[in-house]
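Per TrEMBL, the features are as follows:
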| type | residues | note |
| --- | --- | --- |
| BINDING | B:34, B:75, B:125, B:161 | heme b binding site |
| TRANSMEM | B:21-43 | transmembrane segment |
| TRANSMEM | B:63-84 | transmembrane segment |
| TRANSMEM | B:105-128 | transmembrane segment |
| TRANSMEM | B:148-167 | transmembrane segment |
| TRANSMEM | B:187-206 | transmembrane segment |
Ligand code: FES
């Protein structure tokens, strides 16, 4: 493994300079111990090509900004060790999202749109009283919410999903997972019918074809299959008029 | 947006999804039972014939065949709505599957392809059966001897489509975790395939002696 010389084939295109056509550019780099794709990209940018564009913020698999297609699969650059890859490494930007340049995409706009469509905030009639003690929550429910909340919005699930690749309006696993997060939250007062409005369509729970690339490519290993299935079952029974408990709240999985 | 707002019932997508599920389950159930029935030839031609006669006397085949044909057509139209029809979308899916090298994505691509193949092949099969009515060991043996290659393709394509189809529905609705369902559906598919192939061999041999 030591002393490998890595070959990086990197997608280059800057939409601001459309006169230069999209192309693949090759860089060579000596592998170092513990090298991640993110480290390698920084070295290439510092030593070989200052024009190379890619994103990162946290370098610790928390912010989700360094997601890209690494040898065909959506991965976080900061979490992917070069030692797990062959000598030749191909890098592409994530599909579906707006290309900013080279490996950099704008996932923010997509996820903001998602938040608005799924109304990702706690809908409550209670007025907030800053002087009062916080309401307590059942530990099991808190953990379920936390499980869904771990999503870092990197976009890997969307990039890996064939449906999301051809249908702009599809919420994808990240979106359906987000809905699941509010469905289990006891503070959210939305009725079952209101949830049906949000995801009871081809753009939501019924658009998923069960290809499971989201589940297989999630860098945070969220239980996306179970979340998708939970929302699908729940929304289907609401649609069929099967009587819900006063509120939707129910365990996932 | 006017046209969409006016035409859309908010339950349509749910109902379509449920019909896809129900029709798929019925067809898998039918296919597997069908193959078990065919495999009775392995016991003896008499067993095969008496089962077939039984189905005829009680009009089960006269009701069953048209019913399955209708369900199959329904399944084709409804599950087929997922298949991208536009050239560019097809190219995206193909490139996507090639890039991702992800098993479940590839099996879905083949699901779409085998689905369309089944529509054509199964129609021919039904035509051959109905024109050669009734189903007895010698009629089946004649068909099998003449068209064994056709039936080999139909068997493989059909079992592939059914096995992965039922796996995918279980995954989508989350009744069980993925791994065990994948093993179970593969195991059943393997058993049915072995039975089907064995039955084919017997029929071809019978055809030679008749
Ligand atoms: S840089 Fe934040 S997830 Fe990689």
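Easy rule for this one: first residue shown is 1, then count along the chain.
From the backbone N, Cα and C atoms, a Cβ is placed for every residue, glycine too.
Shown on the structure are the features that TrEMBL records.
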{"residue": "B:34", "record": "heme b binding site", "contacts (Cβ under 8 Å, 6+ apart)": "none"}
{"residue": "B:75", "record": "heme b binding site", "contacts (Cβ under 8 Å, 6+ apart)": "B:20, B:23, B:24, B:27"}
{"residue": "B:125", "record": "heme b binding site", "contacts (Cβ under 8 Å, 6+ apart)": "B:151, B:154"}
{"residue": "B:161", "record": "heme b binding site", "contacts (Cβ under 8 Å, 6+ apart)": "B:111, B:114, B:115, B:118"}
Of all the Cα pairs drawn from B:34, B:75, B:125, B:161, the residues the record ties to heme b, which distance is largest, in Å?
18
Can you tell me which of B:21-43, B:63-84, B:105-128, B:187-206 gets the most C-beta pairs within less than 8 Å of the transmembrane segment (B:148-167)?
B:105-128
If contact means at least 3 Cβ pairs within less than 8 Å, sequence distance 6 or more, would you call the transmembrane segment (B:105-128) and the transmembrane segment (B:187-206) in contact?
no
